[in-house]
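K.L.:
This is the feature table in Swiss-Prot:
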{"type": "TRANSMEM", "residues": "14-34", "note": "transmembrane segment"}
{"type": "TRANSMEM", "residues": "61-81", "note": "transmembrane segment"}
{"type": "TRANSMEM", "residues": "97-117", "note": "transmembrane segment"}
{"type": "TRANSMEM", "residues": "126-146", "note": "transmembrane segment"}
{"type": "TRANSMEM", "residues": "156-176", "note": "transmembrane segment"}
{"type": "TRANSMEM", "residues": "181-201", "note": "transmembrane segment"}
{"type": "TRANSMEM", "residues": "221-241", "note": "transmembrane segment"}
{"type": "TRANSMEM", "residues": "256-276", "note": "transmembrane segment"}
{"type": "TRANSMEM", "residues": "280-300", "note": "transmembrane segment"}
{"type": "TRANSMEM", "residues": "305-325", "note": "transmembrane segment"}
{"type": "TRANSMEM", "residues": "330-350", "note": "transmembrane segment"}
{"type": "TRANSMEM", "residues": "362-382", "note": "transmembrane segment"}
Amino acid sequence: MMIKKVERFFKSDAAGGIVLIAAAALAMLLANLNATQELYTGFLSTPVELKFGALEIKKNMLLWVNDALMAVFFLLVGLEVKRELVQGSLASRRQASLPVIAALGGMVLPAALYLAFNFQDPITRAGWAIPAATDIAFALGILALLGSRVPPALKVFLMALAIIDDLGAIVIIALFYTSSLSMVSLMVAAGAIAVLAVLNLCNVRRVGVYILVGVVLWTAVLKSGVHATLAGVIIGFFVPLKAQKGHSPAGTLEHALHPWVGFLILPLFAFANAGVSLDGVTLAGLASLLPLGIIAGLFIGKPLGISLFCALAVKLKWATLPPGVSQKTILAVGVLCGIGFTMSIFIASLAFGDVDAALVTWAKLGILVGSLLAAVIGYALLRSHLSRAP
């Protein structure tokens, strides 16, 4: 009886989101209990080294999760978005343009709101990109809690929006927060992308070949100084989708990756990244301009930017809403996109890490509060609206 209940749980649409939230809650608990704090941080700091001839990759456990395992998640997202671009709800130009326009609004307005609070301070002004990011893993995890009530087109819209948002964040990091890029590694990455394109054009249908070239691409992107998860999206876009003799390489790979991503990779990601220590944090500090600017950017700027840009695009006939999706739903999804979390924390560490550790702490507090508000209110709005939908 118990086994059947467990099986039913893992087959439910909301299971992945529940496991993700549980892993995040456990991480917060371990990171803030005196008895487990050192054990938790020690585990994430454990160095793991990979050597292959002259190639050497040495990262701690946290970075292996974020750079390697999350590339697999982005591979799955790339496969799903490609399918929708070719066959599904993003197949027309006007439908595909909506998440691009939404992502632009979701980056511009949060950054502007942050600067409204912090423009006068040349030090905190450098953190303008912190609220421009969206944590796609947590946003999709919260959406998964709503199960089958979520229209497929809405999930695809959120995935596409978040991918473009992430690409924008990667470009921002490369242009404004990275001191040097390895041109040799970027050239190797470009060569790997060219090989993937040739494989696709020649209709090579063995998934293993794409994965092999993808490993080279991931390594090159990692060594270049650009966020390595970008490689996953690129690989996903080149794996052939068209079915022949009832077999679609992209479809088969997508089906195989789903349980691993939902019940292993994303919970590990949540466990590794959600453990933000609250040592030294006071509620009084929340009134300072740095965290206030981040909270305003994530919780107010994100939904306003996304919904306003979408409404304008639809009014000007530049884009159309996905089937079964209304402007109210777009606003609710915009709130959910205010979950900046890991990408926002990463940008905060780049902006303030070499300046003042206290600024990083206050930025993390703002990110945590803003992301939590976005998650709770976004979930409540979507649940309410989707429950009333016909």
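Even glycines carry a Cβ here, placed using N, Cα and C.
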K.L.:
Assess whether the transmembrane segment (221-241) lies in contact with the transmembrane segment (14-34), where contact requires at least three Cβ pairs under 8 Å among residues 6 or more apart in sequence.
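P.N.:
Answer no, regions not in contact.
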K.L.:
Would you kindly list the residues that approach the transmembrane segment (14-34) from elsewhere in its chain, counting only those six or more residues past its ends and only Cβ-Cβ distances under 8 Å?
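P.N.:
Contacts with the transmembrane segment (14-34): 40-41, 137-138, 141-147, 262-263, 266-268, 270-279.
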K.L.:
Cβ under 8 Å, sequence separation of at least 6 from the ends of the transmembrane segment (126-146): give me the contacting residues as numbers and ranges.
P.N.:
13-18, 20-21, 24, 70, 73, 77, 106-108, 110-111, 113-115, 118, 154-155, 158-159, 161-163, 165-166, 168-169, 172-173, 176-177, 262, 266, 269-270, 290, 293-294, 296-298, 301-302, 336-344, 346-348, 351-352, 355, 359, 363, 366-367, 370-371, 375, 378-379, 382-383, 386
K.L.:
Is the transmembrane segment (97-117) in contact with the transmembrane segment (280-300), using at least 3 Cβ pairs under 8 Å (sequence separation of 6 or more) as the test?
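P.N.:
Yes, these stretches are in contact.
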K.L.:
When you scan the chain for residues with a C-beta under 8 Å from the transmembrane segment (362-382), skipping those not six or more beyond its ends, what do you find?
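P.N.:
Residues 127, 130-131, 135, 138, 142-143, 145-146, 150, 276, 278, 281, 285-286, 288, 290-299, 302, 329, 331-333, 335-341, 344-345, 348, 351-352.
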K.L.:
For the transmembrane segment (61-81), which recorded stretch in the set 156-176, 256-276, 305-325 gives the largest number of Cβ pairs separated by under 8 Å?
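P.N.:
Selected stretch: 256-276, with the most Cβ pairs under 8 Å.
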